[in-house]
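Please see the structure below; I have some questions.
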Amino acid sequence: MAGDNNLKVLNALDVAKTQWYHFTAIIIAGMGFFTDAYDLFCISLVTKMLGRIYYYVDGSPKPGSLPPNVSAAVNGVALCGTLVGQLFFGWLGDKMGRKKVYGLTLMVMCVCSIGSGLSFGRDAKGVMTTLCFFRFWLGFGIGGDYPLSATIMSEYANKKTRGAFIAAVFAMQGFGILAGGIFAMAISAIFDATFKSPSYEVDPIASTIPEADYLWRIVLMIGALPALLTFYWRLKMPETARYTALVAKDAKRAAADMAKVLNEDIEAEQQKTEAMVNRQGGYDLFSKEFLRRHGLHLLGTTSTWFLLDIAFYSQNLFQKDIFSAIGWIPAANTMNAIHEVYIIARAQTLIALCSTVPGYWFTVALIDVIGRFTIQLAGFFFMTVFMFALAIPYDHWTQPEHRIGFVVMYSLTFFFANFGPNATTFVVPAEIFPARFRSTCHGISAAAGKFGAIIGAFGFQLLAQSQDPKKVDPGYRPGIGVKNSLIVLGVVNFSGMLFTFLVPEAKGRSLEDISGENEE
């Protein structure tokens, strides 16, 4: 068996019983993802408020709203930063080591979370420009967390429960989205009770109190807190044995580091380490040899993550628009600025509580039982089914008596995204590539996903505009409507199901067996 050729230090990790250090690694890496999700999705809670504060039009029957280009920038600029960060830090993680880069990403996230809340300017343009600047670099830091957290967790885990451990790190995203909604509800409820104000239709100017300018800043800045709490522990984590042995070629240090972690003596096999590395040959990323061995796998991980994120982010970032369209969120002019944040946050919290969080943890529970491939294939299949079930009888769902049914169906698409490809596309790239390319290939796969997210975030708001010019939001052109947009997303999900067949199953196998590093 190939596994017999593996180094003793790596075998010790593969067969180790679940121990406290596994949970410590999940918490340290997971709190980064908690922060990632909070920071990426909390902006959707306050964009309506930003429109009211900075783009009020005197005499307008509707509250101010962000112009299309500003809305796209505020919602999408962090995703652009994330894409760049995934590629850069993924590459850097393979060049410098996982640990050296890991603390840096967290510092960037913390500084830029606080900077986002301190956005300044003499006018609306100045504030939005500063906000977009900090959110781009916030995304850059978040991007680094994807390949590094996944790679570190996969290289620390045993092969029996590796999928569950990596998925548990990713599942902290669900709690981050949930925490964003709960915190925004709490802070807006306090503001609403403390600073009474009428609805927009009663008094347009008084409906947006001056204190509202503090609320959105507090919501954005609080995202730095959970990341800061784990910064010290990130710096204390030892480098992974797989990087130290197979990339840095230092078997003695790898054995010493893991002996402390596992509390057992481990033999350092320097000659065997060098022989194992030499067997691989010196082929480079994207060389003919790399493409022969791993090209189809990389195509599988990039394409499925790309297609998944088109659907996932267009749904998530624009939940409030969909809920408004079906009447689940009242008309904006019937609320004041603070209460509108509360209503939007409540809707996002309910979706997270009922579908997003459970979906993630179903994956954690079952990924090492039924496998990555089955979960991903089934997830894409059910997302396709529910998206078409929403889209084809869309007029039926918009009637008041059927709105709860719409929300249930919409929640199920989220459930099967998270108990499906949203989790598995994160897990698999951290398992199937060689150690010296693992972080880079995960970063490339994740960046392809973020490119899909950018298409979803920028494109869906344009596509989903009504075909009737009279019902189009100010500054937008007529689109294809919500119904046809949902049909497009259904086709995207079906394409993801087909590309899943390019991705190999990694359940229960050593990382070195999957990647071919053990081959004679």
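All positions are counted from 1 along the displayed chain.
Here the Cβ of each residue, glycine as well, is placed from N, Cα and C on the backbone.
As annotated by TrEMBL, domain 'Major facilitator superfamily (MFS) profile' applies to 25-508. What TrEMBL records for 20-46, 66-89, 101-120, 164-191, 214-233, 350-367, 373-392, 404-423, 443-464, 485-503 is transmembrane segment.
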Take the transmembrane segment (350-367) and find every residue of the same chain, 6 or more past its ends, with a Cβ under 8 Å from one of its Cβ atoms.
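Sequence-distant neighbours of the transmembrane segment (350-367): 163-164, 167-168, 170-171, 173-175, 177-178, 181, 319, 375, 407, 410-412, 414-420, 422-424, 427, 507.
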Same chain only, please: residues at least 6 beyond the ends of the transmembrane segment (485-503) with a C-beta under 8 Å from a C-beta of the stretch. Say none if there are none.
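Counting only partners 6 or more residues beyond its ends, the transmembrane segment (485-503) has Cβ contacts under 8 Å with 296-297, 299-301, 303-304, 307-308, 310-311, 314-315, 372-373, 376-377, 380-381, 383-384, 387-388, 390-392, 394, 421, 428, 432, 460, 463-464, 479.
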Decide whether the stretches the transmembrane segment (164-191) and the transmembrane segment (66-89) have at least 3 CB pairs under 8 angstroms, with pairs required to be 6 or more apart in sequence.
no
For the domain 'Major facilitator superfamily (MFS) profile' (25-508), what's the model's average pLDDT?
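The average pLDDT of the model in the domain 'Major facilitator superfamily (MFS) profile' (25-508) works out to 88.
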Need a quick answer: max count of Cβ pairs under 8 Å to the transmembrane segment (20-46), which of 66-89, 214-233, 373-392, 404-423 is it?
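Comparing 66-89, 214-233, 373-392, 404-423: 214-233 has the most Cβ pairs near the transmembrane segment (20-46).
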At a Cβ cut-off of 8 Å, and with pairs 6 or more apart in sequence only, do we get at least 3 pairs between the transmembrane segment (214-233) and the transmembrane segment (373-392), yes or no?
no
Which residues, given as numbers and ranges, are at least 6 beyond the ends of the transmembrane segment (404-423) yet have a Cβ under 8 Å from it?
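167, 170-171, 174, 304-305, 308, 311-312, 315-316, 322-323, 326, 328, 351, 354-360, 362-364, 366-367, 375-376, 378-380, 382-383, 386-387, 389-390, 397-398, 496, 500.
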Apart from its near flanks, which chain residues at least 6 from the ends of the transmembrane segment (66-89) lie with a Cβ under 8 angstroms of it?
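For the transmembrane segment (66-89), the list is 39-40, 43-44, 47, 50-51, 54-55, 101, 104-105, 128, 131-132, 135-148, 313, 317, 439, 443-444, 446-447, 450-451, 453-454, 457-458, 461-462, 473-476.
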Which sequence-distant residues neighbour the transmembrane segment (101-120)? Criterion: at least 6 residues beyond either end, Cβ under 8 Å.
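For the transmembrane segment (101-120), the sequence-distant neighbours (Cβ-Cβ under 8 Å, at least 6 residues beyond its ends) are 32, 35-36, 39, 85, 89, 92-93, 126-128, 130-131, 134-135, 137-138, 140-145, 148, 152, 217-224, 227-228, 230-231, 234-235, 237.
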